[in-house]
């Protein structure tokens, strides 16, 4: 394959331009992003403190929620600080290896988030459909094994995307990334070589993780709703349904934003770039921001402990 002389061989630095078309107002866009980040940090840290300090919350559902909180903190921190340096301090440069590391962290934490949402859905499925067997099935050993499997799956599946870029793509049309963070397809699109393998593997990872998890979560909640509506007492149905509302809200906002961002990046050529970049950023920032608020508001045990913590 012949490579044009205008290409760049293994650039040492990339330039992140932020949100294309909105460069003049990025300093203002950074304010809500920063507020969301701070709320995400404080809210998830508060959740972790409550779950750790209250023995009554040392149950699978809350342990998985704590793991989700740690993932949210890590995901937000891998994105927002660099984003704000672009918006507020006009420092768009990022080293090539740092860009790949950020890409790997973002997609790995996305995989972890999806995996923990699936684990929480399965926990609710067993708790509602097989309540007498829940304690025997979701033992501390199983919870540990699930956490390890979710972590290994995300790490093993995402790592080849980094290797494929590092080892296969050496020539780039430009060093400028039209994004505010390093994302897999945003980097791959810059390459002046055959990127079909990178694209195919990216699709494989997306559908293996998000597609499989969403399918399993949906099937779990279908079974949950069937079981709930068969309960003879209205109070029992409402109680069972209320335990699932927070989970449904969280996974709906996560997967709806995720699939919009995914398909817009690959097939939405008619969508203005700033719309896509805004949604891609919101998709990664909203779940860490909303998760502690949703669970704090909809989960009675957590709400009680939050009130107790701030009571004087």
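Glycine residues also receive a Cβ, built from the backbone N, Cα and C atoms like all the rest.
Curation does not apply to TrEMBL; its annotations are automatic.
Annotated range for transmembrane segment in TrEMBL, selecting from 28-50, 166-188: 28-50. Annotation: stretch 101-122 has the most Cβ pairs under 8 Å to the transmembrane segment (200-228), among 28-50, 62-89, 101-122, 240-262, 274-295. Across the domain 'G-protein coupled receptors family 1 profile' (43-295), the model assigns an average pLDDT of 88. Tertiary proximity for the transmembrane segment (274-295) is limited to same-chain residues at least six positions away from its ends with a CB under 8 Å from its CB atoms, namely 18-22, 33, 36-37, 39-40, 43-44, 46-47, 65, 68-69, 72-73, 75-76, 79-80, 83, 106, 110, 113, 178-181, 183, 246, 249-250, 253-254, 257-258, 260-261, 264-265, 268, 302.
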